[in-house]
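S.K.: Let me begin by handing over the structure; questions about it come next.
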Amino acid sequence: MFDVLLSSLGQVFTLPHLLYMMLGVSIGLIVGIIPGLGGIAGMSILLPFLYGMDPAIALGMLMGLVAVIPTGDTFASVLLGIPGSSASQATVLDGFSLAKQGQAARALSSAFLSSMIGGLIGAIVLTLFIVVARPVVLSFSSSELFMLTLLGLSMVAVLSGGDMFKGLAACGLGLLVGGIGMAPATGEFRLNLDIDYLYDGLPLVVVGLGIFALPEIIDLLKGRGAIANQTYALGKGWRQGFGDVARERGLVMRCAGAGSLIGTIPGLAGSVVDWLTYGHAVQSAKDKSQFGKGDIRGVIAPESANNATACGAMVPTLLFGIPGSGTAAVFLGGLLLLGLQPGIGMIETHLDLTYTIIWSLALANILGAALCLGLAGPVASLTRVRFVILAPLITTLILFAAYQATRSTGDLIALGLVGLLGVLMKRAGWSRPAFLIGFVLAAGAETYFYQAVQFQGSSAFARPGVAIIAAMIGISLFLPLLQHFRRKRTQANEPTSQFKRDGAGDSEAQEGGKLRLSNIDILLFIGLLALSLLTWHETRQMSLLGSVFPLLAMAIILASMAAEVVRLTLAGAGWTWLPLREEMLWILGFFALVGMILSLGLVSSAILFCLGFLLFIAKLKPWIAVILAAGAGVFLVAMAHFMSLTYPSGILDALWFR
């Protein structure tokens with residue numbers, strides 16, 4: 001094993017690997033700067049480029065992106081007061097307060113250094129997990145792997161959203177959408193509606209970009225202003241930040257270790273780790289008076305854990321094929337595109353690639369922190385750019401990435417439809433990570449189930465390991481319910497003013513803790529019911545093995561919806577109307593752009609779209625708009641040349657590129 005570890009280190013320091021890793025780090029930094037996009041959108045953009053790549057080099061690029069996003073999103077948290085991602089919410093409390101005091105440089109330097117150290121500790125923990133867990137994983141059969149998949153689904157659905165039953169319904173929807181196409185057990189086609197594009201199912205690239213990237217872009221466009229209304233100068237204090245980390249090295253080690261361990265639990269990672277470590281920093285401090293007002297320990301603690309959590313999330317992903325986070329779910333799809341099967345194969349056949357991932361994570365954390373420190377000044381200036389200027393350029397990149405999935409116009413139409421679903425789920429507070437992870441795990445779960453039934457027969461689910469994992473699934477579903485009832489009992493004995501929660505679209509109420517049902521919830525319920533009826537109709541004539549998985553997903557959806565209705569009824573839920581007019585206008589505009597692409601061609605449409613958007617919506621000077629639009633066109637033409645691509649050719653493209 002030691003010789004494999006050293007040979008993997010040699011692979012990491014080859015020139016191609018380093019170049020592609022730097023590409024991933026650069027893209028990750030850009031994605032991390034823009035609040036809301038996050039690792040899922042960034043990873044989805046990279047997936048089309050994986051086809052035909054050497055796995056070791058491709059993994060270096062992916063790890064570069066994974067490692068730097070938790071570092072890059074610190075810019076938004078400190079300079080803008082906006083969480084760059086769900087895992088950097090706690091950083092805002094003290095990081096933004098320090099920025100307003102003229103100590104942004106101190107906050108950033110301490111955050112970058114602690115993030116780097118946390119990432120290195122996470123890589124060490126990942127290595128130890130692989131050494132210890134290897135014999136356990138090798139003893140697993142298909143039945144245990146199937147149950148582990150269900151465990152991951154249950155934990156993600158419950159923990160990645162504020163509403164357990166909505167999370168389960170979103171997870172069931174992801175399973176159902178992931179089951180579109182040919183059944184792996186029988187070769188029967190399911191839920192394709194006789195549409196040629198759906199015979200192979202929906203591509204992961206399209207689903208990842210649609211469910212996350214498009215809704216976030218639309219949400220940012222609603223403001224029409226800069227990425228932030230007000231930013232603060234960096235000031236001085238770079239060395240002081242380094243000294244703070246050295247002084248609080250014990251806190252860094254504890255929080256990084258906690259982040260690594262929490263990251264191994266699917267679904268728990270990014271949603272709570274920053275608050276857990278922030279709470280630990282407060283509890284362990286002798287002087288708690290400055291927390292929330294500009295205490296540097298409030299920056300160091302969550303930032304130490306974030307990068308370590310990203311490493312920890314790779315443990316269940318690599319060893320069991322269960323994504324530890326939404327980003328890990330897309331990474332899992334990337335492994336499959338490279339012909340790598342998570343689980344036994346990654347610690348037996350491809351152990352060298354597993355160690356390549358670990359070395360790449362460690363090196364990318366160092367490169368990412370150095371890059372963030374070196375580019376802090378220019379990046380701080382970039383945060384003052386109005387997002388409406390960046391939106392058409394990012395949209396062009398998303399269209400390009402989505403089209404590479406199958407290189408058919410169906411990719412663009414599917415992107416818009418999944419984007420519509422993502423907008424509705426985001427607005428109503430439904431868990432999009434639960435949907436995405438359900439989608440990614442659908443194929444693997446069905447394959448493991450089929451193999452268990454075929455190879456082990458009736459004894460497949462009578463094994464001790466299956467019983468243990470089944471008990472863990474029951475606990476993961478029961479504990480949140482118990483915690484919910486305890487919380488309600490506690491709230492009943494305290495003033496209601498302490499429990500008000502902000503944010504339209506949350507499943508929890510906005511007045512006195514009372515639950516609320518929205519118009520979007522009703523729309524999603526109706527859509528899920530219609531989809532369940534379609535599933536029942538489509539599977540009636542299918543064999544048992546071909547129909548059992550869609551029916552299981554349908555059962556999860558219906559049971560979750562019924563439980564949610566009962567919950568809302570017993571709680572005496574109120575009613576709220578969530579406006580969607582502006583979001584729907586942007587979605588209609590996207591479909592109009594797709595129609596223009598089909599008529600005029602991708603390159604011509606992208607140039608005209610960027611030019612018109614920058615002139616009439618962003619209101620840029622004409623010469624700047626022309627330069628940016630031309631740059632988008634040059635990018636598409638260059639990609640077509642270097643990657644031997646063929647874009648949708650409409651009237652104008654046919655004239656220009658004959």
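Glycine residues also receive a Cβ, built from the backbone N, Cα and C atoms like all the rest.
Got these off TrEMBL a minute ago, pasting:
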DOMAIN    18-436  domain 'DUF112'
TRANSMEM  20-42  transmembrane segment
TRANSMEM  49-69  transmembrane segment
TRANSMEM  75-99  transmembrane segment
TRANSMEM  145-161  transmembrane segment
TRANSMEM  168-185  transmembrane segment
TRANSMEM  197-214  transmembrane segment
TRANSMEM  353-375  transmembrane segment
TRANSMEM  387-406  transmembrane segment
TRANSMEM  412-428  transmembrane segment
TRANSMEM  542-563  transmembrane segment
TRANSMEM  584-617  transmembrane segment
TRANSMEM  623-642  transmembrane segment
S.K.: What same-chain residues lie close to the transmembrane segment (168-185): Cβ under 8 Å, and 6 or more beyond its ends?
M.R.: 153-154, 156-158, 161, 191-192, 198-202, 207, 425, 430-432, 434-443, 445-447, 450, 454, 528, 531, 535, 542, 545-546, 549-550, 552-557, 559-561, 563-564
S.K.: Under an 8 Å Cβ to Cβ limit, what residues of the same chain, 6 or more beyond the ends of the transmembrane segment (623-642), are close to it?
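M.R.: Those are 389, 392-393, 396-397, 400, 602-603, 606-608, 610-611, 614-615, in sequence order.
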S.K.: Flag the pair the transmembrane segment (584-617) / the transmembrane segment (387-406) as in contact if three or more Cβ pairs fall under 8 Å (sequence separation 6 or more).
M.R.: yes
S.K.: Take every residue in the domain 'DUF112' (18-436), average their pLDDT values, and give the whole-number result.
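M.R.: Value for the domain 'DUF112' (18-436), mean pLDDT as a whole number: 82.
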S.K.: With CB pairs under 8 Å as the measure, which of the listed stretches 49-69, 197-214, 353-375, 412-428, 542-563 comes out on top against the transmembrane segment (20-42)?
M.R.: 49-69
S.K.: Any contact between the transmembrane segment (387-406) and the transmembrane segment (197-214), i.e. 3 or more CB pairs below 8 Å with pairs at least 6 residues apart?
M.R.: yes
S.K.: Does the transmembrane segment (49-69) come near the transmembrane segment (542-563), with 3+ Cβ pairs under 8 Å (pairs 6 or more apart)?
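M.R.: When sequence-distant Cβ pairs are counted, the transmembrane segment (542-563) does not touch the transmembrane segment (49-69), since fewer than 3 lie under 8 Å.
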S.K.: In the same chain, which residue numbers or ranges, 6 or more beyond the ends of the transmembrane segment (412-428), come under 8 angstroms Cβ to Cβ?
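M.R.: Same-chain contacts beyond the flanks: 170, 197, 202-203, 206-207, 209-216, 218-219, 398-399, 402-403, 435, 504-505, 507, 518, 520-521, 523-524, 578, 580, 583, 587, 590-591, 594, 597, 648.
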